[in-house]
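S.K.: The structure's right below; bear with me while I get my questions together.
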Amino acid sequence: MERLGQPAYRSRQLWQGLYRDRIASLDQFTTLPIPLREELKSSGWAIAFPFVQKRFTSTDGTVRYLLQFSDGQSVETVWMPEGDGGEQGDGSEDGPSYDRATICVSSQVGCAVDCQFCMTALLGLLRNLSAGEIVGQILAVLKDENVDVEKSRINLVFMGQGEPFLNFDNFVKAVTLLAEAVGIPESRMTVSTSGIVPRIVDFGQLAIRPKLAISLNASNDESRRELMPITKKWTLEKLMSAAREFPLRNRERMTFEYVLLGGVNDSEQNAREVVQLLRGLRAKVNLIAWNPGPEIPFSTPDPQHVEAFQQILIDAGIPTFIRKPRGRDIFAACGQLKRTELVTLS
């Protein structure tokens, strides 16, 4: 606006319209004079909300959005009303009110990390999302759900498609916009990483910093290398060293997520090894029983194994929660995002 010779309040009007009122086109910007709107258009300025290509609704109220960008690429964003099954990293259930919800956000189209238990890995990495595209997902979902962030408690989890720390700069810009412009504080955001050690260090230095969750999923290097090939580059020793040096805030705990695969990483011995890994850390653990998907050769663990695993960690003094699956019937649960149009499990 300054380059166009406009007063400062025009920038505030634009900011308010984009991020708070979620205006989807310049023609709808009635707070701006028509000549200014035309000047913005002629200079190439445009608003491009992601297009809601498909919407799938689960029996539990979860909605999986397939959102398309201007280049034709699409990602999934998940809306979880009335609680998130522990997605915020504390295992708690939100109150029975539509005024509380969680949005699971993608940071890339596809993913390069190649976790063997995750359907997104089958896509490979197609491209990074810009900061605007990351924020645009959230604005599109809030607009579609007709939610006012000033009247509702909205949590964000960067746990959709992609590894946020492999698109770090755009992720950080998006977080800043979400906190300062959209009005969702970083205390209501959680980002999950597969263990990009240098970026964990960088993340700890940010002034505006969401909560951190580390996707662990194995209790030793041998198992983790097979399940998460990124371990070949950053071993558990390096990952846990970064976790121990991470500057936690007062009363903050680092979350470790652990996807339990039947007969693979769900034994009592695995649980005891996790206890040793986390010893001395101010940590909590979210256990996730694997959510099935086609072309993925694993099985969901026996519920008794999940509970036994949890009890060993609790007995060791580690707060441990079993995350309830949300949207499993529409392929919206953890590890199921692959831009599929399937809505029921075979």
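Each Cβ is built from the backbone N, Cα and C atoms, and glycine gets one as well.
What you see is a predicted model, and the numbers here were worked out from it, not measured in a lab.
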S.K.: Starting from the S-adenosyl-L-methionine binding annotation in Swiss-Prot that includes G162, E163, S215, L216, N217, N291, which of S152, S187, S192, S241 is the extra site residue?
M.R.: S192
S.K.: Between S215 (S-adenosyl-L-methionine binding site) and C118 ([4Fe-4S] cluster binding site), what C-alpha distance do you get in Å?
M.R.: 12
S.K.: G162 (S-adenosyl-L-methionine binding site) has how many other Cβ neighbours within 10 Å of its own Cβ?
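M.R.: Summing over all protein chains shown, G162 (S-adenosyl-L-methionine binding site) has 29 other Cβ atoms within 10 Å.
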S.K.: If the [4Fe-4S] cluster site is taken as the center of the Cβ atoms of C111, C115, C118, which further residues of that chain fall within 8 Å of it by their Cβ?
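M.R.: Neighbours found: V113, D114, F117, M119, T120, A121, S194, G335.
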S.K.: Around the Cβ of S192 (S-adenosyl-L-methionine binding site), how many other Cβ atoms lie within 10 Å? Please give the count over every shown protein chain.
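M.R.: Result for S192 (S-adenosyl-L-methionine binding site): 24 neighbouring Cβ atoms inside 10 Å.
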S.K.: If you draw a 10 Å sphere around the Cβ of C334 (disulfide bond), how many other Cβ atoms fall inside it, taking every protein chain shown into account?
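M.R.: Around the Cβ of C334 (disulfide bond), 28 other Cβ atoms lie within 10 Å.
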